[in-house]
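A.B. asks: Pulled these features from Swiss-Prot for this protein:
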type	residues	note
BINDING	Gly11, Leu12, Glu13, Gly14, Ala15, Gly16, Lys17, Ser18	ATP binding site
Amino acid sequence: MKTGKFIVIEGLEGAGKSSTHQVVVNTLKEFGIHEVVFTREPGGTPLAEKLRYLIKHEVEELVTAKAELLMLYAARVQLVENVIKPALAQGKWVVGDRHDLSSQAYQGGGRGLDQHLMTTLKNAVLGDFKPDFTLYLDIEPEIGLARVRGRGELDRIEQQNLDFFHRTRARYLQLVQQDPNAVLINADQPIELVQQDIRKAVQKFIEENV
């Protein structure tokens, strides 16, 4: 049995990750790929969802940047080992809302955590496991945050200042440029053009890898 492929959707808040899922799924179906598993990070298992709550919501004490990072990796390893790897082994495709690139950008870039720590933790937890394909939806932080604020109450991460998101975006752009399996999508465009670019990118990946 062929193993499945792991596609990840990345981007800042308000970039349109949620609507991208359906475009990816529809494109996979066009190529006869119907067994698709959805994941989100942090989350995706009972333990990981509890950690998601602690990461996203205000709690009774200050959550340090390192504590936040460790909770994210604890949630990630649960999801990878208990959900993603088994699904891929069964030949299913996995479409993930965020993966390790988020931590590298948000905690490594936004929080400014030590790069040696980031790399060491990534290697210890994930080893050589990584997505087969990453769609990075690039958006100006001002535009993305305006969209998010229009939805209502903000979570703990969304409440960070604009400089935090500019640092996060800068790290995203740096890492995406270095990753041959990542594609940058201009999410500042009208939604129709964004979805068109996503469809083309996914089609190209399928044609080259299936």
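In case you wondered, yes, glycine gets a Cβ from its N, Cα and C as well.
Small disclaimer: the values here were computed from a predicted structure and weren't measured.
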A.B. asks: Give me the long-range Cβ neighbours of Ser18 (ATP binding site): same chain, 6+ apart, Cβ under 8 Å, in sequence order.
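C.D. replies: For Ser18 (ATP binding site), the qualifying residues are Asp97.
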A.B. asks: Taking the Cβ of Leu12 (ATP binding site) as centre, how many other Cβ atoms lie within 10 Å?
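C.D. replies: Cβ-Cβ neighbours of Leu12 (ATP binding site) within 10 Å number 28.
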A.B. asks: Counting only residues 6+ away in sequence within the same chain, which have a CB under 8 Å from the CB of Ala15 (ATP binding site)?
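C.D. replies: Listed in sequence order, they are Leu137, Asp138, Ile139, Gly144, Ala187.
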A.B. asks: Let's check the environment of Gly14 (ATP binding site): how many other CB atoms sit within 10 Å of its CB?
C.D. replies: 23
A.B. asks: Please give me the CB contact count at 10 A for Lys17 (ATP binding site), counting all chains in the structure.
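C.D. replies: Step by step: centre on the Cβ of Lys17 (ATP binding site), count other Cβ atoms within 10 Å, giving 20.
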A.B. asks: Quiz question: given the binding-site residues Gly11, Gly16, which has the greatest number of C-beta atoms lying within 10 angstroms of its own C-beta?
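C.D. replies: Answer returned by the neighbour count: Gly11.
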A.B. asks: I'd like the Cβ neighbour count for Glu13 (ATP binding site), meaning other Cβ atoms within 10 Å of its Cβ, all protein chains included.
C.D. replies: 20
A.B. asks: An 8 Å radius from the center of the Gly11, Leu12, Glu13, Gly14, Ala15, Gly16, Lys17, Ser18 Cβ atoms defines the neighbourhood of the ATP site; name the other residues of that chain inside it, in order.
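C.D. replies: My list of surrounding residues reads Leu137, Ile139, Gly144, Arg147, Ala187.
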